[in-house]
């Protein structure tokens, strides 16, 4: 790959963002849309600057609750995935249950969580956790369950115990699956937190958007949207980088 | 008593009938035997019985005088696909058995440099010198298979089980690896059980070729191969060798066409 094409590839996402903003600004101006329905890009940017203080505070709230829920999801997802993936019986027993659980809209859990834990950070953390642990479980379990039987024979004939096979082969082999699922899980965790905040909180970006919307301050609502997606993008890229670092051997085709 | 001793062994995986049936044979220590037969004749089942990965449903299997009751640690195995771990270098792949099998497992940390020496030496003898730090996906198929054979031999097994190890390679690489295996065996004289579809391979390498029937697999013939050793590759072009391969070939042909052998 030449340096020129590499630069072009690196710049492409920024150009796409810029193009979207331009189209957005142009559309709003051209059709003269009132700002309380659809604020222009410049108005949103202005809101971002004007309300930088409160936005910063609420984003921090959203960020740490999301990370807490995500951390919980990773821990539980990893353990559950390991247990389910290393036993054929458990895999078959638990999989339908997990699929059923995953199909429940997580917003339906929020009222229950509020009854149990009250309004605030706890329901947000738990919603983020509930929504993000599933892909981790499925990926880790699949990574373990699809182990080549010949490879297992090679180790078993040496007298390897189940734990040996898990540590030497199963775990490293499922790492690419695990890191791939982290990228999905982190964005889902943001969804969970914000959903919970809109329904049951008085802090966080979700709450900020909700209250700004009820006052018809649409530019602030859009500012909130942009902050959420920016946070999710940064975290996604962070985990993509981590994935590349940890499991480079699995991405050899893309070097 | 023979090193590997099968006495009227049968194995049925389920109620659909025996995978292999009434097999009696004995393999001497240091002998090189090959199993040939039509596909699905239970050759791989035989391997599982021999290594203790599976127990027989009838008869008895004894290895080194002891009845086989679980996985045998004196075995090394290699299969058609090299199955190297992509996150380990070639050297670390070859070292893997030493991290698992006793008594090396307990000594692994202490004797690591010594073990690495063994692995490098073994890799050198199969022509992989200089590739120790490469990852498996940086090697060609033939090189991967060489490394796989090294992995099977690193813990100095007394019994080497090879399940169609060269089947996925091109003809030239295959013949090259025959010679690699021949030289390793000449030098160390472990016992080899080679399962293959390739009659030339069987005749070139083995002391005894066992011909198996269709499922349920039975031993139809044990043919001793008495070409003098060491055998040069050119031997495979001589008339006596070709005649032998043809005789084996027609035997297998009979089995494939004649359903009346046993259904």
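The backbone N, Cα and C atoms fix where each Cβ goes, glycine too.
Going by TrEMBL, these are the annotated features:
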TRANSMEM  A:12-31  transmembrane segment
DOMAIN    A:59-239  domain 'ABC transmembrane type-1'
TRANSMEM  A:63-85  transmembrane segment
TRANSMEM  A:97-119  transmembrane segment
TRANSMEM  A:125-147  transmembrane segment
TRANSMEM  A:177-200  transmembrane segment
TRANSMEM  A:220-242  transmembrane segment
Candidate ranges A:12-31, A:97-119, A:125-147, A:177-200, A:220-242 - greatest C-beta contact count to the transmembrane segment (A:63-85) (under 8 angstroms)
A:125-147
Using Cβ atoms and a strict cutoff of less than 8 Å, what residues sit near the transmembrane segment (A:12-31) while being 6 or more residues removed from its termini?
38-42
Cβ under 8 Å to the transmembrane segment (A:177-200), counting only same-chain residues 6 or more beyond its ends: which ones?
62, 65-67, 69-70, 73-74, 77-78, 81, 106-107, 110-111, 113-114, 119, 123-133, 135-136, 138-140, 142-143, 206-207, 209-210, 228, 231-232, 235-236, 239-240, 242-243, 246-247
